[in-house]
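Taken from TrEMBL as is:
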- 24-47: transmembrane segment (TRANSMEM)
- 40-289: domain 'G-protein coupled receptors family 1 profile' (DOMAIN)
- 59-78: transmembrane segment (TRANSMEM)
- 90-119: transmembrane segment (TRANSMEM)
- 139-157: transmembrane segment (TRANSMEM)
- 196-224: transmembrane segment (TRANSMEM)
- 236-259: transmembrane segment (TRANSMEM)
- 271-289: transmembrane segment (TRANSMEM)
Amino acid sequence: QMSNSSFINEFLLLEFTDMWELQLLHFLLFLSFYLAALLGNILIITAVACDHHLHTPMYFFLLNLSILDLGIITTTVPKSMSNSLWDTRAISYLGCASQVFFLFFLCSAECLLLTVMAYDRYLAICRPLHYGSLMSSRACVKMAAAAWGTGFLNAVLHAGNTFSLPLCQGNVVEQFFCEIPQILELSCSDAYLREVVALVVSLCFAFLCLLFIVASYVQIFTVVLRIPSEQGRYKAFSMCLPHLSVVSLFVSTGVFAYLKPPTLSSPALDLVVAVLYAVVPPVVNPLIYSMRNKDLKEAL
């Protein structure tokens, strides 16, 4: 009996534990992550919006990054927290589709935004004389809009593709939120190959973004190492290190989540990787950016 996805009206998410004390611990742990992400990102958004010294391309993109990070953690963590608190695993069909859509939308946009931020650093260090004209406020808004718009279109494609598949392997999602690889495991034999192809295309696109970022940094470091004064080199490196750290964390965990071979797949490992790419970056990004940034510290 093949039941179509239209007959599934809810999915069951991964249960961390069936012990109430540990469920409460999971709730409190996720609550502390969520509050830390809210506090850090809202502080950065407020500082950049209110301090006119920070009305520069770098901080404009940082403001966009904070909004995306808030969106990513809000898509996944609150639902998992409420399920732990009310001792349930259920998420509605629409809720699940929304999680897949928003997570793909925000993560795709973040990948592109990190690429734009690398380009911004490259121009600031390698082409300082042209920086003002190439990074005008209009150009910055266009680049940010392109990142958001492309992320949106990518999410429409993947969410539409995934939820048009017939699902005949039950409704248990082995993850604390709805994620495309987990939904594909519920689909019927060959139907999921179309979405797998779309995922591979998206991953190739993410890989191109990563190549562009690496190429930008190779040129940046070539220029920085030629700077005669040690203080100048230090200042240039400290401008780039936060962005590099954020890129490394976000891209490595995201790519591993979607590209790891099935033999490596286990509920515990999938869970750790998902926390690393969907929960940790929104919490640590504000810390990474504000720790080494004098202007941002003063504004805060």
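Cβ coordinates are placed from backbone N, Cα and C, and glycine is handled just like the others.
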Intrachain residues whose Cβ lies under 8 Å of the transmembrane segment (236-259), provided they are six or more past its termini:
65, 107, 110-111, 114, 117-118, 121, 124-125, 179-181, 199, 203, 206-207, 210, 213, 217, 220, 223-224, 227, 270, 273-274, 276-277, 280-281, 284-285, 288-289, 291-293
Contact check, the transmembrane segment (59-78) vs the transmembrane segment (271-289), 3+ Cβ pairs under 8 Å, seq sep 6+:
yes
What stretch in 90-119, 139-157, 271-289 has the biggest tally of Cβ pairs under 8 Å against the transmembrane segment (196-224)?
90-119
Give residue numbers and ranges for long-range contacts of the transmembrane segment (90-119): same chain, 6 or more residues beyond its ends, CB-CB under 8 A.
5, 8-13, 58, 61-62, 64-65, 68-69, 71-72, 75-76, 79, 83, 143-144, 146-148, 150-152, 154-156, 158-159, 162-163, 173, 177-180, 183, 202, 206, 209, 212-213, 216-217, 243, 246-247, 250-251, 254, 277-278
Express the predicted model's confidence over the domain 'G-protein coupled receptors family 1 profile' (40-289) as a mean pLDDT, rounded to an integer.
87
